[in-house]
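Undergrad: One structure is given below, represented as C-alpha cells, and several questions about it will come after.
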Amino acid sequence: MGLLTILKKMKQKEKEVRLLMLGLDNAGKTTILKKFNGEDISTISPTLGFNIKTLEHRGFKLNVWDVGGQKSLRSYWRNYFESTDGLIWVVDSADRRRLLDCKQELHSLLLEERLAGATLLVFANKQDLPGSLPADDIRQTLELDDIKTHHWLIIGCSAVTGDNLLQGIDWLVSDIASRIFTMD
Amino acid sequence: MATTTNQQGHQSDVGVFASEVDEMKERITDKLQRRQDERVAKLEEIKTQRESATGKQENADYFRSNFTKEKAAIENRLAAVSNNVDKSALTDLFDELVTDVQKLLKFVTESTLSLTSYQIRKFQDEVYSLYADVEAKRNELIPKKKFAFKGRQKKSDKPKQVDKPKAVVEEVDGPAKIPKDLLKFQCGFVDLSDSDMTLKSDEIQAKDVGLTSLNSCTVKLFGSPNAIHMNNLKNCKVFSGPVPGSIFVDNCQDCTIVVSCQQLRVHHTTATQFYLHVTSRAIIEDTSGVGFAPYNWSYEGQEEDFQTSQLDRSRNSWDDVDDFNWLASDKASPNWSIIPPEKRVASW
C-alpha cells in the first residue's frame with residue numbers, strides 16, 4: 001500500500017503516461033503517431049523497429065511507443081509491455097481479409113499479464129476510405145464485447161484526415177488518469 | 001561566585017529534567033508497547049478471521065492444490081468436448097472454457113505475493129499451454145471458414161448498413177456472428193487461370209483490390225485503387241496505376257509485378273520481378289530471389305491518376321529495399337537484387 005502511494009505521487013508529479021501502439025502491419029500506427037504530432041505523413045515507410053515520441057497533451061506527458069507490426073517483429077512486442085498504462089490497438093478497417101488475424105493477435109495480447117492494468121483503445125483506422133468497415137462491424141468482428149479484463153473503447157478514425165484521433169486519445173488519457181492519478 | 005550559583009541552579013535544573021525525561025521515557029515505552037500489543041492482537045484477529053473465512057491458509061500449498069484442481073477440471077471438460085454437440089453449443093462451450101482459463105490466469109496473478117518468481121513463471125506457462133490446448137481443440141472442432149472470393153463484390157456499402165441493426169440483434173444471443181461477406185474484398189479476382197483481366201478506373205478508385213489464387217494470368221488495373229492485396233499468385237503479370245496506400249504481395253512465385261505505390265510489402269515470395277515506383281519504401285519478409293527495377297508502365301490517363309492519388313512522381317526509392325530478415329546494415333541482403341538494365345523489359 002505504501003509503495004503504491006509513493007508510485008502514485010511520483011506519477012502525479014510528472015503526469016506521465018506510457019502508451020503502447022500495436023497492430024498488424026499497414027494498420028497506420030506510425031501515420032497516427034506522426035499525424036498526432038503534426039508531422040508529414042506522406043513519406044512514412046514500414047516501421048523496421050520502433051518509434052518513440054513524447055507528446056504534451058492536456059497537461060500530460062504522453063510517451064507513445066509505436067512498434068512495427070510485421071510478422072517478424074511481433075515476437076518482439078513483448079519487450080515493450082512493461083509498465084504500459086494504455087494500449088492503442090490500430091486496425092486497418094479496409095483490410096477485411098486480415099481482420100481475423102487481427103482479432104487473434106489482439107486477444108492473445110490481452111492475456112498478457114504485464115498488460116493486465118492497461119486501458120485499451122481500438123482505433124478503427126482508415127475510415128476515410130469508401131471500402132472501410134464501420135467501427136461497429138469491427139467491434140463485432142474483433143469480439144470486443146467479450147473483453148471483460150480491460151477498460152476498452154473502439155473509435156473510427158482516419159490518420160490521413162486526422163478525424164477522431166484527438167477524441168480517442170482524450171478518452172484514453174482520461175481513463176488512465178482516473179485510474180492512476182488522484183483526480184484534482 | 002555568580003558562576004557557581006548559576007552552575008548549581010543549572011545542576012538542579014538538570015536533575016529535574018532527568019527525572020522528567022525518565023518519566024517520559026517510561027510513558028512512551030509503555031505507550032509503544034501498548035500499541036505494539038494492540039497491533040499484534042489486531043493482526044492475530046485479522047489472520048484468524050481470514051483463516052476462518054476461507055477455512056484454509058493462503059499460502060503456496062493452498063494455491064498449488066487449488067490450481068491443480070481447477071486445471072484438472074478444465075482439462076477434463078476439454079477432453080469431454082466432442083463433435084456431437086451442435087455448433088452453437090460448441091462455441092458456447094469453448095467460450096466458457098476460455099473464460100475459465102482466463103480466470104485461472106487471474107488466480108495466478110492474484111496469488112503472486114505468496115509464490116516465488118519461478119513458481120509464477122511455471123504456473124503461467126501451464127495456463128498458457130492449457131489455453132493453447134483449448135484453442136487447438138476449438139480449431140479442430142470448429143474449423144475456421146475458408147476464405148474465398150466470389151468474383152466482384154458489391155460496389156456500395158449502403159445495403160450492408162441497412163442490415164446492420166439486425167446483425168446486432170442476432171449477436172445478443174451467442175458469440176459474435178460475422179456476416180459472411182464482411183471479410184471479403186470489394187473487388188478483384190479469385191481462382192482463375194490462363195486469363196487476361198482488366199479493371200477500369202471507376203471500378204477500383206480508392207478501393208482495396210484483392211487478387212487471390214491466380215495462375216498464369218495477366219491483370220491490368222487502369223486506375224488508382226487504395227490498396228492491392230495479392231495472394232497466392234503463380235506465373236502472373238500484374239500492372240497497376242498509382243496506389244496511394246500499400247501493395248501487399250504474399251505467397252507469390254514467378255510473377256512480374258509492375259506497380260506504383262506509397263509502400264510495397266512483400267511476404268513469402270520467390271522468383272518475382274518488380275518494376276516499381278515507391279515513394280516511401282519497399283520491404284520484404286521471408287522472401288528470396290526477387291529483383292527490382294524502376295516502374296515503366298504507362299496508359300492513357302495515368303497522369304491524372306497520379307494527380308488524384310497525390311503520389312509523388314519525382315520521388316522513387318525502388319532500389320532501397322528493407323529486408324526484415326536481414327538486419328545487418330553493413331552487408332546487403334542476399335534476398336533481393338537490382339535487375340541489371342540490359343535484362344529489364346523495356347516496354348509492356
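In case you wondered, yes, glycine gets a Cβ from its N, Cα and C as well.
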Undergrad: Let me know which member of A:Gly69, A:Gly86 TrEMBL also records as binding GTP at the site of A:Gly23, A:Leu24, A:Asp25, A:Asn26, A:Ala27, A:Gly28, A:Lys29, A:Thr30, A:Asn125, A:Lys126, A:Gln127, A:Asp128.
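TA: Within the candidate list, TrEMBL flags A:Gly69.
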Undergrad: Select from the binding-site residues A:Gly23, A:Ala27, A:Lys29, A:Thr30, A:Thr47, A:Asp128: which have any Cβ-Cβ contact with chain B shorter than 8 Å?
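TA: Near chain B: none of A:Gly23, A:Ala27, A:Lys29, A:Thr30, A:Thr47, A:Asp128.
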Undergrad: Cα-Cα separation of A:Thr47 (Mg(2+) binding site) and A:Gly69 (GTP binding site), in Å?
TA: 8
Undergrad: What is the biggest Cα to Cα gap, in Å, among A:Gly23, A:Leu24, A:Asp25, A:Asn26, A:Ala27, A:Gly28, A:Lys29, A:Thr30, A:Gly69, A:Asn125, A:Lys126, A:Gln127, A:Asp128, the residues listed as binding GTP?
TA: 22
Undergrad: Where A:Gly23 (GTP binding site) and A:Thr30 (Mg(2+) binding site) are concerned, what is their Cα separation in Å, rounded?
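TA: That comes out at 11 Å between the alpha carbons.
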Undergrad: Sequence gap of 6 or more, Cβ distance under 8 Å: name the residues on the same chain that satisfy this around A:Lys29 (GTP binding site), in order along the sequence.
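TA: For A:Lys29 (GTP binding site), the qualifying residues are A:Met21, A:Leu22, A:Gly23, A:Thr47, A:Asp66, A:Val67, A:Gly69, A:Ile88, A:Val90.
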Undergrad: Can you check which residues sit near A:Lys126 (GTP binding site), meaning Cβ under 8 Å from its Cβ, same chain, 6 or more apart in sequence, and list them in order?
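TA: Listed in sequence order: A:Gly28, A:Asp92, A:Ser93, A:Ala94, A:Ser132, A:Ser158, A:Ala159, A:Val160.
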